[in-house]
Each structure stands twice: as structure tokens, then as C-alpha cells.
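Per TrEMBL, these features apply:
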- A:7-25: transmembrane segment (TRANSMEM)
- A:31-49: transmembrane segment (TRANSMEM)
- A:61-80: transmembrane segment (TRANSMEM)
- A:92-113: transmembrane segment (TRANSMEM)
- A:125-145: transmembrane segment (TRANSMEM)
- A:151-178: transmembrane segment (TRANSMEM)
- A:190-223: transmembrane segment (TRANSMEM)
- A:229-248: transmembrane segment (TRANSMEM)
- A:269-293: transmembrane segment (TRANSMEM)
- A:313-333: transmembrane segment (TRANSMEM)
- A:345-367: transmembrane segment (TRANSMEM)
- A:379-398: transmembrane segment (TRANSMEM)
Amino acid sequence: MELEKKVLHSIYFVTFFLFFNLCFITEKIDLVPLIFCLSSIILIAYSNFIIRKFYPRGDKFLFLISVLLCQIGIVMIYRLDIKTKNFEIPRYALKQMTWFTIGITIFMIILFIAPKMIRISRYKYVYIFIALSLLMSTLFIGKEIKGSKNWIVIGAFSFQPSEIAKFFIILYLASALSKQINKRDIIETVVFTFFAIGFLVLEKDLGAALIFFGIYLVMLYIATSDAKYVGLGLLAFSLGGLLSYFIFNHVRIRVQIWLNPWKYKLDKGYQICQSLFAIASGGLFGRGLGLGYPYLIPLAINDFIFSAIAEEFGLIGASALIILYFLLVYRGLRTAIYSKDNFSQLVAVGISSMLAFQVFVVIGGVTKMIPMTGITLPFVSYGGSSMLLNFLSLGVLYKISEGR
Amino acid sequence: MVRYVSTALKFIIIAIIYVIIFRIIRLMYIDLKRKGRLKEDMDLALEVLDAPEDINISRGSVYPIRDSITIGRKEDNSIVIEDAYVSNYHAKIILEDDIYIKDLDSTNGTYVNGKRIDRLTKISEGDLIEIGRITFKVI
């Protein structure tokens with residue numbers, strides 16, 4: 001109990017220092033970051049108080065680690081705001097702060113209203129229907145932003161249905177695979193997942209397709225404990241990858257950029273080259289907040305935020321971030337081990353693997369380990385839909401960890 | 001100005017983040033040790049000794065008792081038995097310092113070692129529990 005408080009206090013400290021540092025990076029000393037800092041700390045303290053009082057049995061690390069990641073994200077976005085837009089108001093940081101607040105609210109609401117997990121395990125067709133219609137909706141009314149047709153724009157508000165669909169796919173798979181299953185059930189899940197991934201490929205959202213596939217394989221393996229399916233899945237993956245390489249132009253371009261970004265460094269590969277420069281110039285300890293040039297990377301606030309962090313906090317800071325994700329995923333899987341029923345177990349496994357794959361795909365992408373696919377770093381990247389999804393999943397995970 | 005502040009703070013910030021990581025890992029370690037001890041104390045499970053062919057439960061399945069569990073035909077039970085001889089909410093296993101079983105006014109009753117129970121009954125390793133056409137063994 002005492003130690004837990006110490007962790008919380010250290011989180012307040014690091015939040016304070018991060019924002020305090022932000023005050024100095026413009027020409028004249030700027031006090032707006034301190035307002036951000038204060039509201040963040042109040043929000044964290046208040047929600048932590050509620051959790052401790054009403055839901056003390058859940059896994060508090062899930063919450064602590066996520067809010068710390070969010071703070072790092074908001075600071076980085078604020079910092080990038082300074083150079084990317086006219087600096088009267090930190091536009092994106094303010095928005096991200098709003099999303100963070102909404103996310104925490106959703107987390108709380110889930111804790112208050114969510115029924116026992118087992119009760120919602122029987123609506124599998126409802127879940128897959130919601131997931132597929134979300135994915136399909138972008139094909140008809142979607143708008144193409146940044147090369148992927150996976151956005152729905154309503155007025156000033158735009159969101160990515162594929163983010164929310166991920167959550168429903170996990171619920172569907174968990175409810176389909178938690179019962180006694182035979183070959184027919186497995187084929188059914190294969191068909192639905194195939195459709196989901198197919199839509200994503202058509203919308204050119206390759207990162208999400210990769211993550212859906214990863215989640216599916218992990219959940220299938222956990223449910224059946226049959227390594228044969230993993231082998232078959234990987235085979236299907238290589239076949240599908242090869243086919244899409246020859247059929248779709250955008251896949252081919254991504255792979256070509258990945259193989260040799262320097263050849264396209266002035267147009268298609270500009271982003272990845274800048275990202276590599278940024279990471280390299282960070283070195284071991286980084287340049288320090290405000291001293292680097294991470295704003296040279298296009299889209300640094302969402303997909304490439306990891307490179308920005310690596311530039312200003314160095315290898316050590318970036319590794320700390322990866323360790324934090326590792327601990328988060330570990331806590332998620334631990335929740336799965338101690339959960340009471342198959343359904344909750346599979347949901348927890350699904351959510352943890354979603355986080356893990358997302359982190360792998362982004363960090364692998366920006367460091368040129370795998371081809372780059374546009375996807376957000378959970379809790380850190382700028383983005384409303386992903387923030388909502390992450391806090392929604394976190395709420396469910398916390399709920400499951402409470403139940404034991 | 002920025003140069004000095006940011007260079008100094010960068011080390012402080014990274015140091016605190018690592019302190020947080022270290023503390024979290026330490027807490028997890030303590031937690032894990034406690035959990036391990038708890039598990040050794042009571043590591044009981046229900047094994048299906050005998051079950052008819054035509055229902056969803058197969059012989060040899062093992063259900064760990066990690067918490068209080070309910071057995072019945074309705075889907076929100078911890079162990080669901082799709083058998084006509086089993087009531088919707090048939091019996092409950094309660095995990096306190098010891099393990100107890102309670103019949104939830106089922107139609108066909110719950111038997112422990114061949115005797116129909118009518119109140120909270122303590123069970124221990126080796127006991128046979130009959131519910132409907134299924135026989136469980138506490139292992």
C-alpha cells in the first residue's frame with residue numbers, strides 16, 4: 001500500500017518536471033504548461049481516489065502505467081505544437097488533454113455500469129455485426145486522409161471506426177471461442193475475421209489489418225491451445241501478404257520504401273528518413289526537451305511520436321517507454337491468468353495482445369524494422385478514437401481484474 | 001537558458017521514470033510472492049469422473065476452484081452443465097478458509113459421497129460430488 005503511494009507520487013513528480021521543462025522552451029517563459037500540469041495531476045489524483053475507494057480489488061498498475069504514458073504523450077504533443085502551428089494556443093495538446101479527460105471518464109463509467117463480464121458473453125453476433133458495420137461504413141461514407149480511407153468526418157469531428165471495431169472484434173472472438181468449440185465454430189470465426197481484415201486492406205489500413213490478424217491468432221491459440229492453428233495462420237499470412245504485394249499498389253510502395261528509404265528520401269520515404277535521423281541524433285541520453293528538431297518529421301504527433309521521444313530523451317528514455325508498455329501488457333496477461341471464466345480470460349488476452357501488437361507495429365515501423373503502417377502508439381499518440389478505445393479497453397481489463 | 005534547463009531536467013525526468021519502473025517491478029515481485037504462497041495453500045479443483053456422452057462436459061475435464069463458483073444449466077454459472085437433470089442454478093461452491101458446497105434448492109439434489117446434502121457441507125480432497133448425471137471428484 002505504501003509503495004503504491006510512492007509510485008503515484010513519483011508519477012506526480014515526473015509529470016511536474018515534464019511540464020515545468022515545457023515552460024522554458026519558448027523564448028519567453030510560458031506558464032500555460034503549469035495549468036496543464038495542475039489539471040492532469042488533479043485528474044489523476046481524483047480518479048485514483050475513486051478507484052481506491054470503490055474498486056480496490058482491481059489491478060491499479062494498469063491505471064498508473066497508462067496515465068503516466070498519457071502524460072508523456074501530452075507533453076510531447078505540446079512540445080511539437082510549438083513549432084508546427086502558430087503558437088498562441090497549443091491546439092493539439094489542448095485537444096489531447098480533452099481526450100485524456102474524456103478517456104478517464106469513460107474508464108470510470110465502465111467501472112460503474114459494466115455488468116459482470118460473463119453476462120455479456122452471449123451476444124456474439126451482435127458484436128460481429130457492430131464490428132463489421134463499423135468497418136464497412138468507411139467504404140461508403142469514409143474520407144481518405146493520409147492515404148487511408150478509414151476516417152469518418154462529421155462536421156469538425158472525425159474519427160476512425162476501425163479503432164472501435166477492434167474492441168468489438170475482441171468481444172466477438174472471446175464469446176465465440178469461450179464455449180466448447182468444434183471445427184465449425186472455428187471456421188465461422190475464420191470467415192468473419194477474414195471479412196474484417198479484407199475490409200481493412202481495401203481501406204488501405206494495413207496496420208490495423210496486421211493487428212487484427214495478430215489478435216485473432218493469439219486468441220485462437222489461447223482458446224484451443226493447438227499450435228497447428230498458429231502454423232496455418234502464419235502460412236495464410238505469408239500467402240496473403242504475398243498476394244497483396246502483387247495486387248495492391250500501396251502495399252508495394254510501402255515495402256519498397258521499407259527496403260530502401262534513401263532512394264525515395266525526398267518524396268515517399270521522406271517521413272521514415274526523417275524519423276531515422278531523429279532517432280539517430282537522439283543518441284544515448286537524447287538532446288533534451290525542446291532542443292531537438294522532431295517537428296521536421298511529418299505527422300510527428302501521431303504515428304511518429306516515438307521518434308520524437310527518442311530524439312529528445314534518447315535511447316534510455318525510449319527504452320523506458322518500451323519497458324512501461326511491457327509492464328502494461330504483462331499486467332494484462334496476468335489479469336487473464338487469474339480471471340474467473342473463459343470469456344473474461346479471452347477478453348483480457350485479446351486486449352493485452354492488441355496493446356502489444358500495436359506497440360510492436362508502431363515502434364517497428366518508425367525504426368524501419370518492419371514496413372511502416374500508419375497506426376497510433378497506445379495512450380501516447382495524438383488521436384481521439386485511439387484514446388477512447390484504449391481507455392475503454394483499460395476499463396474492461398480493470399473490471400476483469402476486479403472480479404477475482 | 002533552454003539549453004541548461006532541458007539538459008538538466010532530461011536526466012532528472014529519465015531518472016524518475018526509471019525509479020517508477022523499479023518501484024512497480026518491486027511491487028509486482030512482492031505481490032507475486034504472496035500470490036504464490038496463497039496458491040499452495042489451497043490448490044483444489046473439480047475433476048469430471050463420469051458424465052454421459054451427449055452433453056457439453058467431457059470426462060476428465062478439470063475445473064480449478066479459485067473463487068466461489070456456481071454450477072447449473074443457465075449460461076451465467078461458472079460451470080455450465082447442459083443436462084436436463086441439472087437445475088438452472090444447482091449448487092454453489094464457497095471458498096472461505098475451507099471449501100464448502102451448498103445445494104441451491106435443486107430439483108434432483110446434490111450428493112456428496114453418496115449422501116444428499118441439505119445444508120452447507122464441507123468438502124475436501126477425494127470427495128465425490130454428484131450433480132445430475134455427472135460425478136465430480138475433488139482433487
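Any Cβ shown, glycine's included, is placed from N, Cα and C.
Caution: TrEMBL annotation is automatic and unverified by curators.
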Count, for each of A:7-25, A:31-49, A:61-80, A:379-398, the Cβ pairs lying under 8 Å from the transmembrane segment (A:269-293), and report the range with the highest count.
A:7-25
Cβ contacts the transmembrane segment (A:125-145)/the transmembrane segment (A:151-178), at least three under 8 Å, sequence gap 6 or more:
yes
Can you find at least 3 Cβ pairs under 8 Å between the transmembrane segment (A:345-367) and the transmembrane segment (A:151-178), where each pair is 6 or more residues apart in sequence?
yes
Quick one: do the transmembrane segment (A:151-178) and the transmembrane segment (A:379-398) reach 3+ CB pairs under 8 Å, ignoring pairs fewer than 6 apart in sequence?
yes
Looking at A:7-25, A:31-49, A:61-80, A:379-398, which one has the highest count of Cβ pairs under 8 angstroms to the transmembrane segment (A:92-113)?
A:379-398
